[in-house]
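Okay, so here's the structure we're looking at.
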Amino acid sequence: MSMRTEYCGLVTEHLLGQTVSLCGWVHRRRDHGGVIFIDLRDREGLVQVVCDPDRAEMFAAAEGVRNEFCIQVKGLVRGRPEGTINAGLKSGRIEVLCHELNVLNASVTPPFQLDDDNLSETTRLTHRVLDLRRPQMQHNLRLRYRVAIEARKYLDEQGFIDIETPMLTKSTPEGARDYLVPSRVNAGQFFALPQSPQLFKQLLMVANFDRYYQITKCFRDEDLRADRQPEFTQIDCETSFLGEQEIRDLFEDMIRHIFKTTIGVELDATFPVMPYSEAMARFGSDKPDLRVKLEFTELTDAMKDVDFKVFSTPANTKDGRVAALRVPKGGELTRGDIDGYTEFVRIYGAKGLAWIKVNERAKGRDGLQSPIVKNLHDASIAAILERTGAQDGDIIFFAADRAKVVNDSLGALRLKIGHSEFGKANGLVEAGWKPLWVVDFPMFEYDDEEARYVAAHHPFTSPKDEHLEYLETDPGRCLAKAYDMVLNGWEIGGGSVRIHREEVQSKVFRALKIGPEEAQAKFGFLLDALQYGAPPHGGIAFGLDRIVTMMAGADSIRDVIAFPKTQRAQCLLTQAPSPVDERQLRELHIRLRQPEQPKA
């Protein structure tokens, strides 16, 4: 008989009366009146093994096993006695009567129980091998595998070719920091790990591969958050001779296919499309969570002439904004709730949080409860009530500052209230999945520190055809042929139509204050390739980690990556990064400089 004939979790009634050989880990061992029960676990689940004392050698071995011992069991599959069936297990109607038990490897006492749900992340990541044995982690990583398989199936059916691009490439520091790799052979020179395969996939389109994809690692040396890692995985795609709408349709179908085949979710037949300007106006975010039924009301123009300087000053400032957020039935929020929200928005740079409770709208000013009403004239109050559509029992929150602060703070408040217990109880948030496309992004953003425009996405995104003239006259007016797929407030994919003409690419570089010499030094290979009949092309990249995190309902992408880094970009399992010896540094022509000590 083979070492293993079945997986533990797949032993069911169809094997009744058969002898099986199982391998796995002792999940739990129980001694009940001379009979030993072992819950044996493998990647497919659990099965109950019964060890009778009739077989002395086997029973002695069973007495010695403990949690996480790796064992082999041979035995007879039989039905469980009446009253002992476990409906919560796939194998819950049967058990295996053990004939032979072999300890393949003993285990020291684990630092935690695998069913302990209150472990710190530090403990879990330090002992990641044991953490990965937990059923939830097994589920998450197998879900990740299925998502990748379904993406490959779809792309293969659509004629895409899986082509690998280099991991050691050229540093082009436009955006996040590169991870640099010193060259031993070329002293003083460095490779960079790719932030994306962007330029190589464009070159593959010029090279006539027409449709490319790969599921690949990318690297960015940036500060980490719950949805960030220094190395992450993209489903990276590029295609020739398709327009923006056709590209969106193609990959919208892919995401629908993946969700249906992996978790049985039918996403909308057509994803709504929202311009960037509308998303910012209504939600203060370019990745709006459409499950939350709260929206901004624009008040900037109505607050220009009020005596209340908190509102009028930003209303009359070039980059200022005044916006309101009406919360239906929010009148029942306590002063403690409001104070908590006030502290919350300070995280996003807001100086405070103005509010008005609408007790009886018909009474006008007298029907309102607020510390700011006395500072507003009747026309302003009427405009606020009219524009927000406020009803009796509502509360209206206000933000007035630079537009970025208003968008960030009021946008975060919108999500916090919507997803709160209050929001759920009052129907302010829907369950389910709410995808959309956000389009027509600004081509450039102005960087005050550098006193120049920078690319909002990357410098290879094509401007809209009707905005080409602005590249040389008014870059700030340029909109891009860029598109992001957003799902429940997360950007899961982003892409664009690319620039395929060398003269347009050179104009974009000039708009970014990248001169001809610098452009040739950094991107000469691309500019040269674009001169050889480069086809119109575009593409998209999806964050595999993010998609699986959402599907699994996980708290962090670290829960869907086998060996992730911490928020300090460290691997607690291997203790990477770590020092290297002097000989290695000499071979790489590197001398370390001691970090400066803080002054006393």
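Every residue, even glycine, has its Cβ placed from backbone N, Cα and C.
According to Swiss-Prot, the protein has these features:
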type	residues	note
SITE	His32	site 'Important for tRNA non-discrimination'
SITE	Gly83	site 'Important for tRNA non-discrimination'
BINDING	Glu174, Arg220, His457, Arg498	L-aspartate binding site
REGION	198-201	region 'Aspartate'
BINDING	Arg220, Asp221, Glu222, Gln229, Glu491, Gly543, Leu544, Asp545, Arg546	ATP binding site
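Here the features listed in Swiss-Prot are placed on the structure.
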residue	record	contacts (Cβ under 8 Å, 6+ apart)
His32	site 'Important for tRNA non-discrimination'	none
Gly83	site 'Important for tRNA non-discrimination'	none
Arg220	L-aspartate binding site	Ala176, Arg177, Tyr179, Gln195, Pro230, Phe232
Glu222	ATP binding site	Ala176, Arg177, Arg228, Pro230
His457	L-aspartate binding site	Phe441, Ala480, Ala482, Gly494, Ser496
Glu491	ATP binding site	Asp286, Lys287, Asp484, Met485, Gly543, Arg546
Arg498	L-aspartate binding site	Gln202, Met205, Phe460, Thr461, Ser462, His537, Gly538, Gly539
Leu544	ATP binding site	Arg144, Val147, Ala148, Ala151, Ile215, Phe232, Thr233, Gln234, Ile235
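Sequence-distant contacts of the region 'Aspartate' (198-201) (same chain, at least 6 residues past either end, Cβ-Cβ under 8 Å): 165-166, 169, 172, 212, 236-238, 458, 460, 523, 525-526, 539. With helix defined as DSSP H, G or I and strand as E or B, the region 'Aspartate' (198-201) counts 4 helix, 0 strand, 0 coil. In three-state terms derived from DSSP, Glu222 (ATP binding site) belongs to neither a helical nor a strand segment and is classed as coil.
Confidence for the region 'Aspartate' (198-201), expressed as mean pLDDT, is 97. The binding residues for ATP are recorded as Arg220, Asp221, Glu222, Gln229, Glu491, Gly543, Leu544, Asp545, Arg546; their greatest pairwise CA distance is 20 Å.
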